[in-house]
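Participant: One structure coming up, written as structure tokens, with questions to follow.
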Amino acid sequence: MKKRRLWSFPGGLKLPDHKSPSTQTPIAPAALPKQLVLPLQQHIGEPAEPVVNLGERVLKGQVIATAQGYLSAPVHASSSGQVVAIDNLPIPHPSGLSAPCIVIETDGEDAWGERQPVENYRQLNPSQLRNLIRQAGIVGLGGAGFPTFIKLNPGPEPRVETLILNGAECEPYITCDDLLMRERAEEIIQGIGVIGHALHARHCLIGIEDNKPDAYRALAATATEGIEVVPLPTRYPTGGEKQLIKVLTGQEVPSNGLPIDIGVVCHNVGTAVAVHRAINLGEPLISRIVTVTGSAVARPRNLEVLLGTPIRHLLTQCDTEIDCIDRLIMGGPMMGFTLHHDAAPVIKTTNCLLAGLQEGSRQPPVMPCIRCGACGEVCPVQLLPQQLYWHARAKELDKLQDYHLFDCIECGCCDYVCPSHIPLVHYYRYAKSEIWAQEQEREKADLARQRYEFRRQRREREQQERAARQQAKKAAVAPSASKTDKQAAIQAAVERARAKRTAQKKTIDETPPSQ
Amino acid sequence: MPFQFFSSPHLHQGKGISQLMFQVIYALVPAIALYVGYFGYGVLINIALAVIAALATEALMLITRQQPLTPFLTDGSAVVTAVLLALCLPPLNSWWVPVVGTAFALIFAKHLYGGLGYNPFNPAMVGYVLLLISFPKEMTTWLPVQELAAQPLSLKESLTWVFTGTSVQGIAIDALSGATPLDYTKTQLGLGQPMAEIRTHPLFGTLGGKGWEWINMGFLLGGLWLLYKRVISWHIPFAMVGSLLTLALLFQWLDPTTHPSALLHFVSGGTLLGAFFIATDPVTAAATPRGRLLYGVGIGCLTYIIRTWGGYPDGVAFAVLLMNMAVPLIDYYTPPRVFGQNRRP
Ligand code: SF4
Ligand code: SF4
């Protein structure tokens, strides 16, 4: 492996990785389910707007909901069939709430609609490429689900020095990127070509943790000019965007800034493949690789899954003992959230389904904090998790912000090591939502105040205008003010005299003849 | 099928408070064994009495405070306090000395502040200082190393003395007792003796006090194991020992006749027990990395100052308690630089 200078980030953990069970077999396509449940919101931002009617027949790849607003992504039918419902159904979300979904009953033909591959993407300009990528419904496949086209728009000024492809995959159990890199290195490199063209990036670094040597070899063998594949020490959370950038470039993304502020753009390897498919093959984002693993799964592996496939359908395909699942997690064991129901479908951000853990989770009882500082030692952001915890408990929201609560990436390292088994991250999430709620309240109050102010100002203005109008009227009655005072006074006297006369005359005139 | 909700992360390394506490106790085993070898069974009796008193007091206080018994009684923290305090006591004491010391430590220094995690002062050191101030005679009656003793005491004889207070084999305990090397050094220096002369006393071995030097090596060994096991971080021991030795070397260089050598400071009294086991008590120590360095340096310097110019031969306990007071301030001013941020709160 080629040597490249690497940096390191503070804190972090060496975790048992549990990756081998799901890497034994190659990626296999998941069976086509009877029904596909496609939530309108599978990304950060506004939910998409349905454009199909109940009973309508749709083809694979057809747009069934369009993006609403800037921060949004369209949804496509992931197989052919009939729209049988547009309704609130369980979705994979930490809240466990239901949300609007389009349900397609598949017809088994899996018939594609029209696909329009781009002959040579180099002939398109970045904005055309972005538009195509947007229409393909691509969002970041690493887990956060940020619409990809936005990250391809670095704005007019800042120059993109480095495109970073995130193949670190630092969470235990998850292996979808690993297998993708092993098996589809070619597609990743092609995707980098498109992204690099859209961004005018100088060069590209692909960071892969060194516990995935096969993936490294596959990519290193495929990489073309300007693309460097870099093995990274295995350490959680190297796959965090800011951590990865630090390790690869030595630069820190400013605390309230974006990677682009330091000339870096970061995409997940899966996203690169999706971009390649969208541009070079004309296929929108309708499937993704999902790791199905965990203690309750008899045949853990990676499946290429059509979006909208019910999770239960996947679990049974991997011979999962559903009754043995103590917790069903979407994502990794460190940052993933538990699902409330296995009827929820696979969405664009579903990288892993973890059915039951191989080993220890947090054990009650929760003991008092003994100030051991272990949490601070492992925090990759160098926060003081212990102080955050005290202030979160005391609901000292201002203090929490002083201690940089919003820099917390919720990686869970502090929680993992706390000997008192305190659910630290839970407290932080709660505190964050409290602060948001408070801010919303304040915004509402601000808005009300603004409205009031506005009304008051309008009234004042109207009054002033009225006054001005009256003045103007008076002024119109009075002659122009260009003359000197003396002249004006004389003029006024003359006027008065004339007015008096007129008035007298008028009075006489108007006096009824009878008098 | 519906599933239960859990908050992430879903993994935990598994180690709890009691594991940490018991690792501290395992780390003390080599030193305790050496202690018994050099000074007889007294120390074991002290430990046993202190532990029993600690658990009883802890249970009583938990009941009084209406707290659940099991998690707190088994967390090991009371046991650690008891053992550390017992290790600071003279090896042959009346039974009530360790009992009063631990009970006071746990009631006043721990539970009255809110129990585990809430005490600002190191309970073991509070207990020790209380005994030292209230019962100076009992607290300075040290046994000499067995090889210097006229007659080593058997377990039965030790127990008899501890519980009945009757002298053994007709010999008054006073006749058996002697000063610790630090004590001796301090009094002799006060009498104007040069260091070279003092070091020739049979109390001293190759590195420091006979016996004491090896017991301290036991603490060092255990401490290094704790570092290796990541139960403690290097900051406090390193800073404390480092600053103590720096001062000692400086004064030794300036005037070796009136200042004990750095080596003597290193292997005497509470230096290594304090550095690895007492100053590193998580609850009462500084918590930020830079804070821990400062905290350690503070203890090291204060220890040297008290040993050299203060009224007591050893100063670790006072140094720790004094620095405990400074912890909130230290923590407040030493937060690490947040990733991606240039300002400090
Ligand atoms: S969850 Fe937040 S506070 Fe805890 S280690 Fe991660 S970044 Fe630090
Ligand atoms: S790890 Fe847990 S017990 Fe230790 S300081 Fe942090 S919150 Fe407190």
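Here the Cβ of each residue, glycine as well, is placed from N, Cα and C on the backbone.
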Participant: Per TrEMBL, which one of A:CYS352, A:CYS408, A:CYS411, A:CYS418 shares the [4Fe-4S] cluster 1 site with A:CYS369, A:CYS372, A:CYS375?
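Facilitator: Matched candidate out of A:CYS352, A:CYS408, A:CYS411, A:CYS418, per TrEMBL for [4Fe-4S] cluster 1 with A:CYS369, A:CYS372, A:CYS375: A:CYS418.
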Participant: Do the binding-site residues A:CYS369, A:CYS372, A:CYS375, A:CYS408 include any whose Cβ comes within less than 8 Å of a Cβ in chain B, and which?
Facilitator: A:CYS369, A:CYS372
Participant: Looking at the binding-site residues listed here (A:CYS408, A:CYS411, A:CYS414), whose Cα lies nearest to that of A:CYS375 ([4Fe-4S] cluster 1 binding site)?
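Facilitator: Comparing Cα positions, the closest of these binding-site residues turns out to be A:CYS414.
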Participant: Just to confirm: which same-chain residues, 6+ apart in sequence, have a Cβ under 8 Å from the Cβ of A:CYS418 ([4Fe-4S] cluster 1 binding site)?
Facilitator: A:CYS369, A:ALA374, A:CYS375, A:LEU424
Participant: Compare the Cα of A:CYS372 ([4Fe-4S] cluster 1 binding site) against each of the binding-site residues A:CYS379, A:CYS411, A:CYS414 and report the nearest.
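Facilitator: Closest candidate to A:CYS372 ([4Fe-4S] cluster 1 binding site), judged by Cα separation, is A:CYS414.
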Participant: Which binding-site residues from the set A:CYS369, A:CYS372, A:CYS379, A:CYS408, A:CYS414, A:CYS418 come near ligand 1, judged by a Cβ under 6 Å from any of its atoms?
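Facilitator: Close enough to ligand 1 are A:CYS379, A:CYS408, A:CYS414.
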Participant: Residue list, the compositional bias 'Basic and acidic residues' (A:456-468) vs rest of chain: Cβ under 8 Å, 6 or more residues beyond ends.
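Facilitator: For the compositional bias 'Basic and acidic residues' (A:456-468), there are no sequence-distant neighbours (Cβ-Cβ under 8 Å, at least 6 residues beyond its ends): none.
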Participant: Quick one: average pLDDT across the domain '4Fe-4S ferredoxin-type' (A:399-428), no decimals.
Facilitator: 94
Participant: What residues elsewhere in the chain lie close to the region 'Disordered' (A:1-25), defined as a C-beta under 8 angstroms and at least 6 residues from its ends?
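Facilitator: Those are 172-175, 178-179, 210-211, 216, 220, 228, 230-238, 242-243, 246-250, 291-293, 300-302, 334, 358-359, 377-382, 413, 416-417, in sequence order.
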Participant: What binding-site residues in A:CYS372, A:CYS375, A:CYS408, A:CYS411, A:CYS418 place CB under 6 Å from ligand 2?
Facilitator: A:CYS372, A:CYS375, A:CYS418
